[in-house]
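In what follows, a single structure is set out as structure tokens and then discussed.
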Amino acid sequence: MNYNIALISGDGIGPEIVAEAKKVLDKVCEVYGHTFSYKEVLLGGASIDAHGVPLTEEAIADAKASDAVLMGSIGGDAKTSPWYKLEPSKRPEAGLLAIRKALNLFANLRPAYLYNELKGACPLKEEVIGDGFDMIIVRELTGGLYFGDRKTYEENGVQTAVDTLSYNENEIRRIAVKAFDIAMKRKKKVTSVDKANVLDSSRLWRKVVEEVAKDYPEVTLEHMLVDNCAMQLVHNPAQFDVILTENMFGDILSDEASMVTGSIGMLSSASLNETKFGLYEPSHGSAPDIAGKGIANPLATILSAAMMLRFSLDLDKEADAIESAVQSVLTEGYRTVDIMQDGMKQVGTAEMGDLIAGHIA
Ligand code: NAD
Ligand code: IPM
Ligand code: MN
């Protein structure tokens, strides 16, 4: 079958890691008899350079016309890149937020799984790691602080900046339903993370999540304050199955969770709307510090491509093939520098892509 994929290479390491995901998808096509038609879509810095804005109407239309979007990462070095001389609404990140909103991608799934082979790359002690962990962060992606009104003003010579954190019950309900649906296919535990001891938005969050939980009697629900959750992630990560949380908390907690899997270069993600459509991207950024060096870990992007096959294209066995290829290559001891350990074989970005593609059968 033919599928239409919008491809956003983006900035920094984006083009390097997307090239490897595409290499793996090309191999999937060859082995399973599919064709993927790719449409290059500009976002972030690349779009600013070409069109003066981080996202165009044309890019939104191209994304909407596709079966799914595969993305690298956007953004640059805030100190040196000219993109950050623009006003905030014209910078690369504004384009990413705008495309998430335009496509209504309210559900961001970020699986954090510790491969046995990467236990040595995990910074936690062996007794804390135990048998490892397998959790998924379900992050609300189109509300909260990211999308509330904001302004900076000066009064009587004093500067003030305001960002608004607001959620309505419908926004909370739909992401909670997503988290409970996912929990039903896993270990049936949802940890809803909030700051209900301080924030009204969190108190509403807790109330709505409890209402949704009534429809899922088999799922155990616990509430956890976000500061405690940040601590528990490094104290006992195995306690988590599904973490359900709002936009900003999910952003921060997922970077923390990524590190206990060995590296942020391992954390894939899917951003979904109410349909099967989604945008798939690694959880990490454009890593300007290593861009162009050929050393970035492409596995988060390759695993995001596997999520795309599974969720948006219903290609389960093809997704399985990518995931087992990743497993095999790690078992054989190949590592990019971010997950490198003594006795392992260090490879670059392209070599890692070749190895994964070579294992698709
Ligand atoms: P970052 O995730 O880009 O990098 C943080 C650290 O992790 C760096 O040391 C980097 O080298 C390393 N790293 C990240 N991905 C890696 C990979 N695949 N392999 C090996 N190492 C990797 O975060 P940052 O430095 O805070 O942000 C850089 C830029 O990326 C900023 O402009 C930011 O806004 C943007 N950003 C974009 C996205 C996105 O596109 N979804 C996500 C996060 C940050
Ligand atoms: C992410 C990124 C984005 C976010 C930035 C680049 C706007 O950090 O996808 O995690 O905060 O959502
Ligand atoms: Mn982030």
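For all residues, glycine too, the Cβ spot is worked out from N, Cα and C.
Unlike curated entries, TrEMBL annotations are predicted automatically.
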According to TrEMBL, which candidate in Arg139, Arg150, Arg186, Arg203 joins Arg100, Arg110, Asp227 at the substrate site: Arg139
Of Arg100, Arg139, Asp251, Ala287, Ala291, Asn297, binding-site residues neighbouring ligand 2, Cβ under 6 A: Asp251
When distances run from the Cα of Tyr146 (site 'Important for catalysis') to each of the binding-site residues Arg110, Arg139, Gly285, Ile295, the nearest one: Arg139
Neighbourhood of ligand 3 - binding-site residues from Arg139, Asp251, Gly285 with Cβ under 6 Å: Asp251
Candidate nearest Asp227 (substrate binding site) in space, where candidates are the binding-site residues Asp251, Gly285, Asp289, Asn297 and distance is Cα-Cα: Asp251
